Structure formats: structure tokens, C-alpha cells
Amino acid sequence: MADSLTEEQVSEYKEAFSLFDKDGDGQITTKELGTVMRSLGQNPSESELQDMINEVDADNNGTIDFPEFLTMMARKMKDTDSEEEIREAFKVFDRDNNGFISAAELRHVMTSIGEKLTDDEVDEMIREADQDGDGRIDYNEFVQLMMQK
């Protein structure tokens, strides 16, 4: 998993890790983890931090070594990539860049990928995703739709 990180990322993570490894023993406490993550531009919630710690801290000794930290950061980066992919997909559908996917935009994209849909089918797709009932799909509704897949 950590193999997917670039040398630059590993170096950046090592630097951040070292800042919080006060005694230089190659371990950081779980309490310090949130501070390390935030220094790297991540913003995990308390429950996300606890989940990450539980996944990584196999011996439950309350500390995380650098290889464990790298594995965890690689996982976090992978999650971020999928968010970016969803954002890019939304832009493909939102042809006029107004922040919404209309029935016409949905029909156009579906037709361009070879999906021949009737107006009723397109309207049904919009209805399924359209949580606020405004007849179009906003970014948050699109994310919800994509996460269900």
C-alpha cells in the first residue's frame, strides 16, 4: 500500500512524523496522530482518527511507528483520489458548469456513452438522485448517488 506513495510524499510524511516523535524512538502516540494528520492537510474527525488508529495499532500499545503511519496515509490518499474522481465525473455531466446536472445534460452524456434512454428513463434517474426535489442533481446529490454504487 505504501508503495503507491512517491518519494516526495514519503519524505514529507517522514518530516511531519519526526516533528511529533518527541523522543526520536520512531513512535508517535495516538493522541498526537490528529495533529500530524492536520499538519499534512488532512482533517479527520475523532471517529475517523480512532478507526485509523485501531486499523494500524495492531498491538494496542497506543503508539504508531513510521511504516504503520505510511500505510495509513497511503489509504487516506486513496480515499481522496476517489473523491477527486467523483468531482471530475460531476464536471463531465455538468456541461454548463452551473453546479447542477439537468435532465438535458444527463441525457446528452448518457447518449454520448451509447446509452439510449427515453425521456421517462432520464426523468426517473433524476428523480432517484434528486433529494431536494428541484428537478436537477447538485454535487452533494451526485456524491450520494456515486457512493451507493
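Backbone N, Cα and C atoms are what each Cβ position is placed from, and that goes for glycine too.
Predicted, not measured: the structure shown is a model, and the values here were computed from it.
Now, the feature entries from Swiss-Prot:
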type    : residues                               : note
BINDING : Asp21, Asp23, Asp25, Gln27, Glu32      : Ca(2+) 1 binding site
BINDING : Asp57, Asp59, Asn61, Thr63, Glu68      : Ca(2+) 2 binding site
BINDING : Asp94, Asp96, Asn98, Glu105            : Ca(2+) 3 binding site
BINDING : Asp130, Asp132, Asp134, Arg136, Glu141 : Ca(2+) 4 binding site
DOMAIN  : 44-79                                  : domain 'EF-hand 2'
DOMAIN  : 117-149                                : domain 'EF-hand 4'
MOD_RES : Ala2                                   : N-acetylalanine
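Structural mapping of features recorded in Swiss-Prot.
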residue : record                : DSSP (3 states)
Asp23   : Ca(2+) 1 binding site : coil
Glu32   : Ca(2+) 1 binding site : helix
Asp57   : Ca(2+) 2 binding site : coil
Glu68   : Ca(2+) 2 binding site : helix
Asp96   : Ca(2+) 3 binding site : coil
Asp130  : Ca(2+) 4 binding site : coil
Glu141  : Ca(2+) 4 binding site : helix
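Of all the binding-site residues listed here (Gln27, Asn61), it is Asn61 whose C-beta has the fewest other C-beta atoms within 10 angstroms. What surrounds the Ca(2+) 3 site, by Cβ distance within 8 Å of the Cβ centroid and not counting Asp94, Asp96, Asn98, Glu105, is the set Phe93, Arg95, Asn97, Gly99, Phe100, Ile101, Ser102 from the same chain. Taking Gln27, Thr63, Glu68, Asp134 as the binding-site residues under consideration, the smallest Cα distance to Asn98 (Ca(2+) 3 binding site) is found for Asp134. Gln27 (Ca(2+) 1 binding site) has its Cα within 10 Å of the Cα of these binding-site residues: Thr63, taken from Thr63, Glu105, Asp132, Glu141. Take the mean position of the Cβ atoms of Asp130, Asp132, Asp134, Arg136, Glu141, the recorded Ca(2+) 4 site; other residues of that chain with a Cβ within 8 Å of it are Phe100, Ile126, Ala129, Gln131, Gly133, Gly135, Ile137, Asp138.
Per-residue confidence over the domain 'EF-hand 2' (44-79) averages 79 (mean pLDDT, predicted model).
Taking the Cα of Asp57 (Ca(2+) 2 binding site) as the reference point, the closest of the binding-site residues Asp21, Asp23, Glu32, Asp130, Glu141 is Glu32. Neighbour counts of Cβ atoms within 10 Å were taken for the binding-site residues Thr63, Asn98; the minimum is at Asn98.
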